[in-house]
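Colleague: These came from Swiss-Prot, pasted as-is:
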- 35: active site (ACT_SITE)
- 52: active site (ACT_SITE)
- 6-127: disulfide bond (DISULFID)
- 30-115: disulfide bond (DISULFID)
- 64-80: disulfide bond (DISULFID)
- 76-94: disulfide bond (DISULFID)
- 1-129: domain 'C-type lysozyme' (DOMAIN)
């Protein structure tokens, strides 16, 4: 599913991401834009053999199990396929674990490069939340 900007913002808010660990909703929407273009079915293979999955491009080396990543830790205890659903519950629950891991949202390269230090509120402007 390719989410609309405000549609994804509303779903993320409903799942408790707004100000989770101090990151406003705009940060999460911005990250999703530049990680997946709001596409829940996005997958991208990495040079180390791992794959990133879903709207927040969660990585199979650490966070989920896709059955083909050597040495996968599966710290979210989920199949990576769960991260491709139009229901973002699994994605949000895993993202909460990732953002609590010590590096905050710096875990997302796209957030670090394209959202951090910018006016992220713009990503939820005009949304009825």
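Just so it is clear, glycine is given a Cβ too, placed from its N, Cα and C backbone atoms.
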Colleague: What count of other C-beta atoms do you get within 10 angstroms of the C-beta of residue 35 (active site), across all chains shown?
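Modeller: A 10 Å sphere around the Cβ of residue 35 (active site) contains 23 other Cβ atoms.
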Colleague: Considering every residue in the domain 'C-type lysozyme' (1-129), what is the mean pLDDT value?
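Modeller: Overall, the domain 'C-type lysozyme' (1-129) comes to a mean pLDDT of 98.
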Colleague: Across all the protein chains here, work out how many other Cβ atoms are within 10 Å of the Cβ of residue 30 (disulfide bond).
Modeller: 26
Colleague: Which chain-mates of residue 6 (disulfide bond) that are at least 6 residues away have a CB under 8 A from its CB, listed by sequence?
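Modeller: Correct list: 124, 126, 127, 128, 129.
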Colleague: What same-chain residues, at least 6 away in sequence, bring their CB to under 8 Å of the CB of residue 52 (active site)?
Modeller: 35, 42, 43, 44, 46, 58, 59, 60
Colleague: Can you tell which of 76, 115, 127 has the least company, meaning the fewest other C-beta atoms within 10 angstroms of its C-beta, among these disulfide-bonded residues?
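Modeller: Counting other Cβ atoms within 10 Å of each of the disulfide-bonded residues 76, 115, 127, the minimum falls on 127.
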Colleague: Using C-alpha positions only, work out which of the disulfide-bonded residues 76, 94, 115 is nearest to residue 64 (disulfide bond).
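Modeller: So, spelling it out, the nearest of the disulfide-bonded residues is 76.
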Colleague: Could you measure between residue 80 (disulfide bond) and residue 94 (disulfide bond) for me? Cα positions, answer in whole angstrom.
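Modeller: With the alpha carbons as reference points, the distance is 11 Å.
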Colleague: Looking only at 64, 94, which of these disulfide-bonded residues has the biggest number of Cβ atoms within 10 Å around its Cβ?
Modeller: 64
Colleague: Rounded to the nearest angstrom, how far is the Cα of residue 30 (disulfide bond) from the Cα of residue 76 (disulfide bond)?
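Modeller: Pair distance, Cα basis, whole Å: 23 Å.
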